[in-house]
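Enquirer: Below you'll find the structure I mean.
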Amino acid sequence: MAPKLLLLLCLFSGLHARSRKVEEDEYEDSSSNQKWVLAPKSQDTDVTLILNKLLREYDKKLRPDIGIKPTVIDVDIYVNSIGPVSSINMEYQIDIFFAQTWTDSRLRFNSTMKILTLNSNMVGLIWIPDTIFRNSKTAEAHWITTPNQLLRIWNDGKILYTLRLTINAECQLQLHNFPMDEHSCPLIFSSYGYPKEEMIYRWRKNSVEAADQKSWRLYQFDFMGLRNTTEIVTTSAGDYVVMTIYFELSRRMGYFTIQTYIPCILTVVLSWVSFWIKKDATPARTALGITTVLTMTTLSTIARKSLPRVSYVTAMDLFVTVCFLFVFAALMEYATLNYYSSCRKPTTTKKTTSLLHPDSSRWIPERISLQAPSNYSLLDMRPPPTAMITLNNSVYWQEFEDTCVYECLDGKDCQSFFCCYEECKSGSWRKGRIHIDILELDSYSRVFFPTSFLLFNLVYWVGYLYL
């Protein structure tokens, strides 16, 4: 029994040792194959020798083909994001991948490898274009977690150099139609020191592309598209090839509609409420008028905070100013009405009383003594004295006339198409004139103000949105 157990133990131990040896052999083979695929030692040596040979007599201070022909730079730009756009500072922010391709015959090499992909450590060892962004205020390259730069060298000497940049570029906004304005914000770049005789920039086919706009921070703008141009700019240092990308932006009106337009319209409508308040309610109408004027002043100040201090009138300035004039005119309407209402003619009761109970000492200078029966009274049948005047079959006593009556009869106020009293309406001097009753000014205003404001809005919105 014991020899059998010993034999079984020896058999199991032998099988275990053999299987372990097979696993180790397979692991060594796989690891050696993986190492050979990723970075063969012979290829590492080959690349190192190629780079050392290329840079041995290379002068990075000299551009390719110097003294022979201009260096041609092919440009590609991938727009990662745009925004935000600042109307106050007249600038916008853009995040791009900027790629430049050129040929340097000094970097040709013979090898089984057609492309050498290198990191940013190689950038400072070869010549690269001195490209600048002409309208940039600030610009920075990305360095996290490593410098965002790529360098590729083909065996025929072609070089691709890309880097990621965030640029705050200047954009001169024309705000005449603000907030219904559209803009073309440029990104301008060129060589800093090489004129067109030494360096030429070219756009490649489909050279400008844009990423998904969902991550863009445009906020108040819609991206309408882009276009690129090439031009020659003449300076005192020479003629330079200048490349420009225009980003077409259209402003969204939602924010300004809620913030400015709707409050202004409601304030103007609120000022019309005074036309339906009794004209003798002076405190109520005055308080309403002053409140709406102060509200419009506040709204105009707030509207200007989102704009730079431009010297011309914008579309929003025009709208706010007209709304302010409507509100101010509503207040002045009541001031006019209140002034002429205070010059009101004496009431009918007072006139009737004056006629029925006149002061005999004023209009009957003396009594006539005649003999008459006791059941009869004697009356003076002479014409009325000069102190009494007649106008439109109505009798007025001159001593009861106030200043307004005198001015109206004199034609001083009536020549301006306004009447103090209804009797001014039919005088001989009124022939061919339009009668406007100043006491009915509220009735006229209830129609005139809404109609004129509606016409203004019609012209304003059609003119700025469709013309």
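Just so it is clear, glycine is given a Cβ too, placed from its N, Cα and C backbone atoms.
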Enquirer: Can you dig through Swiss-Prot and tell me which residue of Asn110, Asn375 is labelled N-linked glycosylation site?
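Expert: Swiss-Prot records N-linked glycosylation site at Asn110.
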Enquirer: Pick from Asn228, Asn392: which does Swiss-Prot describe as N-linked glycosylation site?
Expert: Asn228
Enquirer: Quick one: which of 184-203, 284-303 does Swiss-Prot have down as transmembrane segment?
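Expert: Range annotated as transmembrane segment by Swiss-Prot: 284-303.
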Enquirer: Given Asn228 (N-linked glycosylation site) and Cys171 (disulfide bond), what distance in Å do their CA atoms have, once rounded to a whole number?
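Expert: For Asn228 (N-linked glycosylation site) versus Cys171 (disulfide bond), the Cα atoms are 16 Å apart.
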Enquirer: Counting Cβ atoms within 10 Å of each candidate's own Cβ, which of the disulfide-bonded residues Cys171, Cys185 comes out highest?
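Expert: Buried the deepest by this measure is Cys185.
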Enquirer: Would you pick out, from the glycosylation sites Asn110, Asn228, the residue whose Cβ has the largest number of other Cβ atoms within 10 Å?
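Expert: Result for the most crowded candidate: Asn228.
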Enquirer: Helix, strand, coil residue numbers for the topological domain 'Cytoplasmic' (278-283) per DSSP?
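Expert: With helix first, then strand, then coil, the topological domain 'Cytoplasmic' (278-283) has 2 helix, 0 strand, 4 coil.
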Enquirer: Can you give the mean pLDDT for the topological domain 'Cytoplasmic' (278-283), rounded to a whole number?
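Expert: Its mean pLDDT is 90.
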